[in-house]
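A.B. asks: When I checked TrEMBL for this same protein, it listed these features:
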{"type": "TRANSMEM", "residues": "7-30", "note": "transmembrane segment"}
{"type": "TRANSMEM", "residues": "36-56", "note": "transmembrane segment"}
{"type": "TRANSMEM", "residues": "77-100", "note": "transmembrane segment"}
{"type": "TRANSMEM", "residues": "106-126", "note": "transmembrane segment"}
{"type": "TRANSMEM", "residues": "138-161", "note": "transmembrane segment"}
{"type": "TRANSMEM", "residues": "167-186", "note": "transmembrane segment"}
{"type": "TRANSMEM", "residues": "198-217", "note": "transmembrane segment"}
{"type": "TRANSMEM", "residues": "237-262", "note": "transmembrane segment"}
{"type": "TRANSMEM", "residues": "349-369", "note": "transmembrane segment"}
{"type": "TRANSMEM", "residues": "375-395", "note": "transmembrane segment"}
{"type": "TRANSMEM", "residues": "407-426", "note": "transmembrane segment"}
{"type": "TRANSMEM", "residues": "438-458", "note": "transmembrane segment"}
Amino acid sequence: MLKAAGVVFASQGLVTVILFARNILIARLISVEDFGIASSFAIAFAFIESATNVGLNRLVVQDRDGDDQLFVDVLHLFQVVRGLLGAGVTLILAAPYAGLLNIPEVTWAFMALAWVPFIRGFLNLDMFRIQRRMDFQAFARASVLSALSSIPVVVLIYLIIGDYQTMLWAIIGHQTVLVVLSHLMAKRPFGLAFEPTILRRALGFGTPLLLNGLVMFTVINGDRLIVGNQLGVETLAWFSAVFMITYTPTTVMANTMQSVLLPRLSGLQNTREEFLVAAEDAMALGFLIGIVVAVGIALFGPILLLLAFGNKFAPGLEILLLMGVVQAVRISKLGLSMIALARGTTTNMLYANLARLLVLPAGLGALMLGHGIEGLLLASLGGELLGLLVSKVLLHRQIEPSLKVPWILVGLSGLTFGLILVLDALHPPTVEILGNVYPAQLALLILVGLAALSTRPVRNLVRGKKHPAQAQKPEKP
């Protein structure tokens with residue numbers, strides 16, 4: 001399991017670094033206003049992913065028939081239809097979206113993004129099927145190489161055109177190469193089949209995920225859409241730069257946790273005691289990663305923002321630590337979601353994110369009433385905390401009432417996040433004070449250490465012990 005986690009973490013980390021470097025390159029090459037428009041393409045791409053995500057890659061891993069050729073081919077057919085529908089929706093929404101951000105002249109570019117859902121409809125799911133055996137090599141290679149291919153696209157388009165289109169064609173190129181590589185690295189050919197029973201299972205599994213994806217898109221990008229609509233694309237540019245600094249590490253952690261924990265938890269569905277042990281560890285890891293992300297952003301985020309994007313994005317320092325805490329709370333509930341998903345319950349994430357979504361109008365109201373972007377983000381923080389509570393309550397009611405909550409880690413999370421917000425209020429990061437060390441910052445590192453030692457998988461790793469679930473029942477060769 002640790003070896004598989006290493007492969008996933010390394011590959012997803014490398015992909016994130018590559019895409020982060022690509023975005024930094026674009027930000028350095030073009031103007032702040034053009035980067036704001038470029039950021040709107042990233043938001044549009046996120047919507048496309050959310051509007052077409054029915055979790056087929058997860059279903060192949062989670063379902064008992066996921067290794068069957070007919071099952072996978074039916075999912076391929078479902079995926080093709082989904083891609084065609086997604087392309088149509090993208091074309092229809094291009095003009096309204098451009099109008100929302102007050103950039104109607106860019107409508108054509110949003111229409112061009114319809115290629116993304118269309119081509120992704122032909123992705124070969126085989127690289128996800130083999131993850132049932134904890135084989136992540138094909139997925140890792142395809143992810144890294146496709147991300148890397150977008151760098152020369154950026155350079156070429158900049159030399160030819162030199163504006164926001166660098167982001168547009170980088171996204172299109174990246175997704176096209178990913179689909180091609182999924183076929184080149186597949187052990188089984190791409191096939192199409194029709195079987196109503198399997199389609200109904202896929203719909204039952206995927207519909208809550210689709211709804212959750214749309215809700216999640218609004219949750220994650222709602223703040224950016226509000227900023228773009230109310231304050232313009234230039235403010236959206238530095239707001240998006242801060243978003244990238246804070247969202248990037250949480251994405252790496254989330255993808256790694258999902259890829260490693262889901263197969264593990266799914267494989268223990270029929271052994272209650274072992275499942276409980278693994279589930280409690282998943283919860284603990286979620287809170288630990290939230291603490292690590294928040295502290296990492298607080299200590300290194302300000303320097304990274306200016307080194308990466310330059311002083312023209314310095315206004316983002318005012319909201320960096322607060323946004324980091326928002327993202328940390330969001331990832332803290334990931335362990336809860338993975339436990340529910342492993343049991344085939346996809347509504348947990350949906351209801352938790354709906355709770356978060358309910359607070360979005362409050363953020364818009366705070367901004368319109370003159371409380372600034374800080375007011376918008378404080379509302380977002382309240383929404384994430386509400387979503388965490390809803391996820392916890394639903395998990396115990398729907399899945400397993402006897403699951404033990406890691407209250408020590410919950411307390412350490414609250415202490416860490418509170419200390420960061422106090423530090424931000426007393427000593428907000430500025431260009432002049434970057435690099436100074438305060439006692440509170442040292443205390444944050446101590447809290448990370450305490451949190452790590454309070455997490456059973458970390459303690460077992462330090463002591464050289466096996467995971468309790470593994471010790472109770474050795475895996476078959």
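Residue positions begin at 1 at the first shown residue.
Heads up, the Cβ atoms here are built off N, Cα and C, so glycines get one too.
A TrEMBL annotation is a machine prediction, not a hand-curated record.
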A.B. asks: Take the C-beta pairs under 8 A between the transmembrane segment (36-56) and each of 106-126, 167-186, 198-217, 237-262, 349-369. Which stretch has the highest count?
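C.D. replies: When the Cβ pairs under 8 Å are tallied, 198-217 comes out ahead.
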A.B. asks: Could you tell me whether the transmembrane segment (138-161) and the transmembrane segment (7-30) have 3+ CB pairs under 8 A, leaving out pairs under 6 positions apart?
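C.D. replies: They do touch: at least three Cβ pairs between the two stretches lie under 8 Å.
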A.B. asks: Looking only at residues six or more beyond either end of the transmembrane segment (198-217), which have a C-beta under 8 A from one in the stretch?
C.D. replies: 46-47, 49-56, 58-59, 62-63, 65, 70-71, 74-75, 77-78, 344, 346-347, 349-350, 353-354, 356-357
